Amino acid sequence: MMLGRFREALGDAQQSVRLDDSFVRGHLREGKCHLSLGNAMAASRCFQRVLELDHKNTQAQQELKNASTVLEYEKIAEVDFEKRDFRKVVFCMDRALEFAPACHRFKILKAECLALLGRYPEAQSVASDILRMDSTNADALYVRGLCLYYEDCIEKAVQFFVQALRMAPDHEKACLACRNAKALKAKKEDGNKAFKEGNYKLAYELYTEALGIDPNNIKTNAKLYCNRGTVNSKLRKLEEAIDDCTNAVKLDDTYIKAYLRRAQCYMDTEQYEDAVRDYEKVYQTEKTKEHKQLLKNAQVELKKSKRKDYYKILGVDKNASEDEIKKAYRKRALMHHPDRHSGASAEVQKEEEKKFKEVGEAFTILSDPKKKARYDSGQDLEEDGLNMGDFDANNIFKAFFGGPGGFSFEASGPGNFFFQFG
């Protein structure tokens, strides 16, 4: 017992009471060995036998209480495991192991719950300690495989599950985990293959099927959600892609690839504030030049999105030619000129005057290559000396149309106008 070889000690104690059933110390030692090995029921019987022989034996009385405590923790742990309250099970097993330090069963249950809680290094350490003492322990092999499986090392995990099943062919948990691992690996690989071949619809279906195999495999499912998000982005289903990437980071908030994919989708849907937030998260985690540039680009687009969209005001594409910009200005300036709306209500006149001024602003910027370049790069034009508050749209209008004198809009019928130079 002092050497921690409780199974050998148990055999010796049992032999001693077989030789002398009234040997109090022999029963006491047998009970302590049973308790250390986690067999609290057998331990209780031994301590009760001691009390039959010596009802005042205080050591037996205390050890009987200890055995009852262990039995109680076992019952609580069994209920909590069914409830999937794995933290409580770990707590119960830690308390039970204070009385039963050599119980492999308690250690394995604790290790399994640690794995299910995502505390893989702790779980692997417990399982490895048992395997060093007993390399054929199927439960320990199963837990080692479970840790690898949940860490997305599926191929290695299968090897441990297979080894566990060799030691215990009826091991239900190892059998189920092995089946899930093989199915997950196959679906994921098939999905990757379909994606590489450009068959995005099939890839989407395969990744969706893979996600239904085991909801507990968080790391693999995070990758599957991100992969499906990539498929959705290829299919231009950008909102669905964002949802998939969001599910990925909910499962694994350190998953950089999912943040990058979601940020790009936010950029593509002009949700620049969200894109900046994701790129900031990425850059804080991995301070690379590439990530810094992506963050800078998103910040520029966010800044640009908060300004007036001069392209939209003129109704032209961002790649519009000089002639297209002039043509668009001519059309919009005539459409919103205040004289054209002189008979309208004060509210309409005010709105059209505002639009007329904005059209002039847009033309002033987009018709000047240098100003246009600064505008396109997201620079603040007022910082560059262009104060749009002092801008006079009429001067641009006169200069553009080149009228030598005054000009007016005259009605030729209800709603019909023609422009005339003086």
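Residue numbering: from 1, along the chain as shown.
Glycine residues also receive a Cβ, built from the backbone N, Cα and C atoms like all the rest.
As written in TrEMBL, here are the features:
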type	residues	note
REPEAT	138-171	repeat 'TPR'
REPEAT	184-217	repeat 'TPR'
REPEAT	256-289	repeat 'TPR'
DOMAIN	309-379	domain 'J'
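When DSSP labels each residue, the repeat 'TPR' (138-171) comes out as 27 helix, 0 strand, 7 coil, counted as helix, strand and coil in that order. Secondary structure of the domain 'J' (309-379), assigned with DSSP and counted as helix (H, G, I), strand (E, B) and coil, comes to 53 helix, 0 strand, 18 coil.
Mean pLDDT, taken over the domain 'J' (309-379), works out to 83 on the 0 to 100 scale.
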